[in-house]
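> The active site, proton donor annotation in Swiss-Prot covers E83 and rests on sequence analysis. If you look up Swiss-Prot, you'll see E114 marked as active site, on the strength of sequence analysis. The domain 'SIS' annotation in Swiss-Prot covers 55-218 and rests on sequence analysis.
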Amino acid sequence: MEIKNLTTEQRNPASIHIDTVSTVEMVKIMNEEDQKVALAVGNQDEQIARAIDEAANRYKKGGRLIYLGAGTSGRLGVLDAAELVPTYGIKPERAIGLIAGGPGAMYKAVEGAEDDTNLGAEDLKDLNLNSQDIVLGLAASGRTPYVIGGLEYANQIGAFTISIACVKDSEIGKHAEVAIEAVVGPEIVTGSTRMKSGTAQKMILNMISTGVMIRQGKVFENVMIDVMPTNSKLVDRASRIISAVTDATQEEALQTLKKAENNVPLAITMIKTESNKDEAQKLLEQYNGNVSEVIKNN
């Protein structure tokens, strides 16, 4: 499809006079348009769930989350990858963001980089892509050559491929095992896909990466438990987390945390299953470190 015919490139009737209205009215128009984004993302629930389930399986076997995009889409991928490290305590090499043109393109556009089909494949080759990896290709327009080239190569290797676009029947979707297409409609400012399209992509990435981490057992109930209490403030926070999900007093939680050598999931398991450190450790090993599964089955 030609660029001019893409939904993301059409003029939005709701904002056609946005340059002449009051500032309050301008903001209202933006808010009303943004409300459509969540509905568009909601229409992709089944596809997003499919992406999470398979990505979680691959990740559990040692696969990496690898994000691939250009411009705003690339920056959103880099952002999601970077935030997983401090949020869930994963190693930086398990979540990697690739942007057309390299790291410098995060701050300044690199002309022509997104139009190079070979570049996407080359960037993945440099990471020694393997069949357990998960490649998320992002393009609001659904047609970025850099992303298409990367997805094609990932498919050849046997990696799990996911595409995230904001148009229907996208080109990148034809090169992905799971195609997510949140059709948000024309942008408030014509063609400015950092707006509604960017918001939709961020929401979808939040869902996928959070879902994958939940399936790794890094969340118990709705609390992040894979925290590293490396100082007194974090030890206090960890003990409060343990207390909140076990109904133990904070003092009991703190004592158990010490016995567990500052391992929060282990401390929670010890309290919830009324077991000692060694017994709790065996249970966690039996259920791949997933506290929720331990509690459900014991």
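Yeah, the Cβs are placed from backbone N, Cα and C, and that goes for glycine too.
Note that the structure is a prediction, hence the values are computed from the model and not measured.
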> Let me know how many other Cβ atoms fall within 10 Å of the Cβ of E114 (active site).
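Total other Cβ atoms inside 10 Å, all chains included: 24.
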> Around E83 (active site, proton donor), how many other CB atoms lie within 10 A of its CB?
14
> Report, in whole Å, the straight Cα-to-Cα distance of the residue listed as 'active site' from E83 (active site, proton donor).
24
